[in-house]
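Chemist: Swiss-Prot feature annotations, pasted as is:
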{"type": "BINDING", "residues": "Asn7, Arg18, Ala199, Gly220, His221", "note": "3-amino-2-oxopropyl phosphate binding site"}
{"type": "BINDING", "residues": "Asp9, His10, Arg45, His50, Thr100", "note": "1-deoxy-D-xylulose 5-phosphate binding site"}
{"type": "ACT_SITE", "residues": "His43", "note": "active site, proton acceptor"}
{"type": "ACT_SITE", "residues": "Glu70", "note": "active site, proton acceptor"}
{"type": "SITE", "residues": "Glu151", "note": "site 'Transition state stabilizer'"}
{"type": "ACT_SITE", "residues": "His198", "note": "active site, proton donor"}
Amino acid sequence: MIELGVNIDHIATIRQARRTYEPDPVWGAVEAHLGGADGITVHLREDRRHIQDSDVRRLRETTQIKLNLEMAATDEMVGIACGLKPEMAMLVPEGRHEVTTEGGLDILAQEARLKGVISRLADAGIVTSVFIDADPEQIEAAARIGASVCEIHTGPYAHAFYDKGRDAEAPAVLAEIAKIRKAGQTIRHLGMRFNAGHALNYYNVQPLARLAGIRELHIGHAIVSRAVFVGLREAVREMKVLMREAAERGE
């Protein structure tokens, strides 16, 4: 069954806006789990703009929730990950001036270095993931460096969906779905797990949730936004319902 990983970075963003101690993203993780989240995603950025080291440490010390740590492929972050031992570590590109992650990791440009990073994480018993565009050359490179999971960047699909008036049958939207579908087929053929995420919401999630072989979707901003009005447990529950309905129908 398809799984949902809830990104709680935006809970920390609200807290950091006032440089205070609430809302607590760790409690947010508990609420998301009670709502049906299969795992929690946090991005410990180099500039610590939202999630802090103490948040990730407390998540490991006080909860039993499956943790996916998004991280840049730096020595500092690899050291932190190897100490914390999250269930999964996902390598992402990171720019100090970006509002959110703007594209997939360019593995081809740094293949040798990333292979070493993946090896260190795997030796620590951590499942390794890479966040990449739906590009067959990047997928093949992910396999060469030893990644266990490829998470496909769904931003281009989400933007096309919005630009075309939320019409899932618009040619531009169908073209993006086809790219992700093909990427998923390649990922699975190469023996890796097929995940996806970025800019997914309650309107656009179902066409992707029904793709063959997709294992997990990571969603954050839309769920936290919905939680403002209905609470976090209910926001997560609603997303899980949509995902499961789509997955059961399939393609």
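For all residues, glycine too, the Cβ spot is worked out from N, Cα and C.
Show me how these features fit into the shown structure, please.
Modeler: Here the Cβ of Arg18 (3-amino-2-oxopropyl phosphate binding site) has 8 other Cβ atoms within 10 Å, regardless of which shown protein chain they belong to.
The Cβ neighbour count for Asp9 (1-deoxy-D-xylulose 5-phosphate binding site), using a 10 Å radius over every protein chain in view, is 22. Annotation note: Asp9 (1-deoxy-D-xylulose 5-phosphate binding site) sits in a helical segment as assigned by DSSP.
In the three-state DSSP scheme, His43 (active site, proton acceptor) falls into the strand class.
Shown in sequence order, Thr41, Val42, His43, Leu44, Met90, Val92, Phe131 are the residues of the chain, 6+ apart in sequence, with a C-beta less than 8 angstroms from the C-beta of Glu70 (active site, proton acceptor). Reduced to three states, the DSSP call for Glu70 (active site, proton acceptor) is strand.
In the shown protein chains, 32 other C-beta atoms lie within 10 A of the C-beta of Glu151 (site 'Transition state stabilizer').
According to DSSP, His198 (active site, proton donor) is assigned to coil rather than to any helix or strand.
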Chemist: Would you mind checking how many other C-beta atoms are within 10 angstroms of the C-beta on His10 (1-deoxy-D-xylulose 5-phosphate binding site)?
Modeler: 20
Chemist: Could you tell me the maximum Cα-Cα distance in Å between the residues recorded as binding 3-amino-2-oxopropyl phosphate, namely Asn7, Arg18, Ala199, Gly220, His221, rounded to a whole number?
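Modeler: Taking every pair of listed residues, the largest Cα separation comes to 25 Å.
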Chemist: Given the recorded positions Arg45, His50, Glu151, which lie close to Gly220 (3-amino-2-oxopropyl phosphate binding site), meaning Cα to Cα within 10 A?
Modeler: none
